[in-house]
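The block underneath contains the structure these notes are about, expressed in structure tokens.
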């Protein structure tokens with residue numbers, strides 16, 4: 001259904017309803033270029049009225065984490081009567097197309113924030129404008145962005161709250177909504193996080209139409225669905241539009257999104273949610289990664305690299321001297337370390353059960369009497385826990401040869417205390433040959449710390465060999 005509405009909204013051609021419409025506290029909106037009548041936006045239309053969109057600001061704080069307080073910019077008394085705290089950072093969470101501000105994913109982000117910080121968390125509900133056909137929803141976000149900007153302006157003018165303390169987090173169309181708000185506030189907003197910004201009607205458009213680095217003092221972006229809308233039905237932008245752009249898993253296919261329709265529907269509550277999750281799984285991963293990053297800051301390190309292909313070939317490791325940024329909630333800790341805009345970072349994640357990953361480079365030197373065909377695996381044992389086995393190499397196993405591979409481990413094992421080695425023979429060998437690891441070096445990605453382990457033993461296939469620090 002979501003797929004149908006998106007594509008229908010792009011292809012329908014409508015007649016112009018006028019050149020401009022104005023609203024008292026929001027200003028005027030035109031249907032002239034670049035807002036409409038372009039190659040990317042063939043539909044000539046104006047945004048719906050503020051009354052029909054009915055943008056609502058749902059305030060959650062550490063004092064009311066479960067029940068929102070409705071605040072309005074046109075009635076500042078509602079803000080003063082609420083738990084809004086002028087001494088805290090304010091984070092807006094803005095949904096996208098055919099979504100609403102009371103969905104669990106928005107409130108879950110707020111609740112996770114409350115576990116790590118004192119914050120004003122405002123979920124922006126604009127379902128009155130998001131449930132339109134896509135081309136109309138694209139226009140409606142201009143009004144929603146204006147409403148967000150107006151609220152921030154009221155906070156500043158009447159309560160002395162600084163826009164630099166505002167962070168806007170927007171998914172899909174919500175990312176461009178945040179951009180509209182930031183543009184109206186002259187880029188004085190502290191931060192905008194774009195969660196897979198919507199591609200249709202925004203890719204390759206002028207900066208004033210879409211998210212770009214000038215919309216806030218710091219703009220970070222997570223790309224999870226960058227395949228083109230035609231023919232791949234990718235909903236997210238491939239274009240780099242932030243100071244820092246993260247491409248987890250290369251930005252196209254997210255682990256766990258390959259499920260068949262039955263298993264996807266079983267995993268969620270309700271048939272409609274199941275269909276939506278299937279059609280937009282990659283697109284939705286962006287806000288799931290962000291939410292997970294709040295409680296797992298070190299599990300989403302982004303490595304600077306020219307391409308995902310180079311990253312996958314064990315390049316771009318470890319982090320450079322200035323370190324690696326953390327994708328998601330803590331990306332702004334790297335602000336100022338990465339000069340310029342459109343800096344590109346790559347990382348891998350897990351599937352729907354466990355997203356964070358910790359990257360290590362493992363080098364194994366073999367010992368034995370003869371060359372064999374098979375595979376070698378290792379497991380890490382650290383102060384914080386033990387990893388499962390990870391394959392390092394498969395093919396011709398030669399004594400004294402060194403095999404190196406980067407692995408993405410599903411937990412932070414901490415300081416590594418020992419390593420276990422396992423090999424398997426792909427052929428039939430009645431002589432029961434032995435093979436071992438004479439040395440294994442493990443390097444962590446974040447700090448480049450190296451751990452060296454040695455052994456003089458060899459073992460038969462499928463028998464664990466334990467290596468201790470050299």
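Using N, Cα and C of the backbone, Cβ positions are placed for all residues, glycine too.
Of the given residue ranges 189-211, 212-234, 235-257, 258-280, Swiss-Prot assigns the label region 'Required for galactolipase activity' to 258-280. In Swiss-Prot, the region 'Required for galactolipase activity' annotation falls on 94-106 of the listed ranges 68-80, 81-93, 94-106, 107-119. Spacing of residue 324 (disulfide bond) relative to residue 257 (disulfide bond) is 27 Å (Cα to Cα, whole number). Counting other CB atoms no more than 10 Å from each candidate's CB, the disulfide-bonded residues 22, 257 peak at 257.
When the recorded positions 28, 257, 281, 319, 354 are ranked by how far their Cα is from the Cα of residue 305 (disulfide bond), 319 comes first. For the domain 'PLAT' (358-470), the DSSP-based tally of helix, strand and coil residues reads 0 helix, 73 strand, 40 coil.
Residue pair residue 316 (disulfide bond) / residue 212 (Ca(2+) binding site) shows a Cα separation of 26 Å. Neighbour count (other Cβ atoms within 10 Å of the Cβ, all protein chains): 15 for residue 454 (disulfide bond).
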